[in-house]
Amino acid sequence: MTIGDITPKKERKSRRSKHVVDDTAPLLPKRQDEDAGYDEFNGASFTGAVFNLSTTIVGAGIMALPATMKVLGLILGIAMIIFMAFLTDASIEFLLRFSRAGKTTSYGSLMGDAFGKYGRIFLQICVLVNNIGVLIVYMIIIAYDGLLVLEGDVLSGTSSSGVHHAGVLEGWFGEHWWNGRTFVLIVTTLGIFSPLACFKRIDSLRFTSALSVALAVVFLVITVGIAIIKLISGTIMMPRLLPDVTDLTSFWRLFTVVPVLVTAYICHYNVHSIDNELEDSTQIKPVVRTALALCSTVYIMTSFFGFLLFGDSTLDDVLANFDTDLGIPYGSLLNDAVRVSYAAHLMLVFPIVFYPLRLNMDGLLFPSARPLALSNMRFAFTTAGLITLIFLGANFIPSIWDAFQFTGATAAVCLGFIFPAAVTLRDRHSIATKDKILAIFMIVLAVFSNVVAVYSDAYAMFKKNSVTEPTA
């Protein structure tokens, strides 16, 4: 079957009259799913694509943004969130434009077109490192050690420094075997993660993605409501608008938030999959910009009201602030609502991050095989193997987060900025003009972000070890 046989007549006619670099040319034929034995698929809707891309963007990073306001102040902090949204839009535009030029249908094949086999392999390894690390951390947040969130687990609770911190389920029902950390994780893996990971089309996740975005908005609405109540009662003050720079140390501290902001919009590994399934491929740019606008709005409001609510007491992960007394009626109930909605949000983010992980793992292991969707056995074994790996990582290697603090940050900025910029500088199809100046800026910013992240994480680990090391 040829591309002409499976492309709608209107689309065939328009494509014959367009240059190969035309941004409106689709990356994949729309009826490819018929060959895979699916029911007829007429393409993904604009709304579904926006929700899928938005869910890819808004993961655990949303909880770290209020702390950036504490460092930068509201004006500079909000300005940086908006700036990174525009920079992300430019980097995705690079990917799409050069994919059209090279007639490539995935991020990996784009890197292969620009840098050969090793470029593709490097991209796939970065997706594996980034996404496996992210998904392990999601599991840890939901039901294990809570290394990113609290001293206790979000759902099951844990013990730290000899003190037991109850999770939500344990706080509601008391301590039982069925609300322990391991059992909670088994249930969520078998009952939620595994079924959602079995979809062969990313568009099939549009409803769970919409619910995930809605749950993020629930957290935002609760935060806004609490902040307004406390502001009216006069128990909180207007937060700092500008950074507080008093010495060289406080000046350098401004740069520690750069990695959080640079990685806030990473979604590039899902852009091609979403574009490939769109009913109208010309909508991909509006999809990207709508998703970025939606996420920027959520980011700005979360940052503003989170910092307004907690001020200089805002923790590196603002969810930890909701483990304290809010000083308002029904404060405990609101704390639980925030924590449960956030855990549910991450459960629904899991499959959208897992989808490109499976594709890139298969592409790395079987580069010459037929598409993964056409092989049920390969699809099943790859899915089961990756979920098992992530489950074991979250259960038995909780300290793995220390490693992913380094490799995760590096892989994320490579996917979001270094690779798109490198493809632009390579310019195999001679279509870049002034883009190369922006590409150089992206690489400099990404490298600087990595250096700061690695230094900050190494310093924090060294300081923690020096504090916990027993004295003679």
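Glycine is no exception: its Cβ is also placed from the backbone N, Cα and C atoms.
Remember, it's a predicted structure, so these values are computed and weren't measured experimentally.
Copied from TrEMBL, the annotated features are:
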DOMAIN    44-456  domain 'Amino acid transporter transmembrane'
REGION    1-21  region 'Disordered'
TRANSMEM  41-65  transmembrane segment
TRANSMEM  71-96  transmembrane segment
TRANSMEM  121-144  transmembrane segment
TRANSMEM  182-199  transmembrane segment
TRANSMEM  211-232  transmembrane segment
TRANSMEM  252-271  transmembrane segment
TRANSMEM  291-310  transmembrane segment
TRANSMEM  340-357  transmembrane segment
TRANSMEM  378-397  transmembrane segment
TRANSMEM  403-425  transmembrane segment
TRANSMEM  437-456  transmembrane segment
(message) Under 8 angstroms, Cβ to Cβ: which one of 182-199, 291-310, 378-397, 437-456 has the largest number of such pairs with the transmembrane segment (252-271)?
(response) 437-456
(request) Determine whether the transmembrane segment (41-65) and the transmembrane segment (291-310) share at least three Cβ pairs under 8 Å, counting only pairs 6 or more apart in sequence. (result) yes
(message) Can you tell me which recorded stretch out of 71-96, 121-144, 340-357, 378-397, 437-456 has the most Cβ pairs within less than 8 Å of the transmembrane segment (211-232)?
(response) 340-357
(message) Please identify the stretch among 71-96, 291-310, 340-357, 378-397, 437-456 with the greatest number of Cβ pairs below 8 Å relative to the transmembrane segment (121-144).
(response) 340-357
(message) Do any residues, 6 or more residues outside the transmembrane segment (340-357), come within under 8 Å Cβ-to-Cβ of it, and if so which ones?
(response) 52, 55-56, 58-60, 63, 127-128, 131-132, 134-135, 138, 141-143, 154-155, 168, 188, 192-193, 196-197, 199, 202, 205, 208-209, 211-212, 215-216, 218-219, 222, 269-270, 273, 319, 386-387
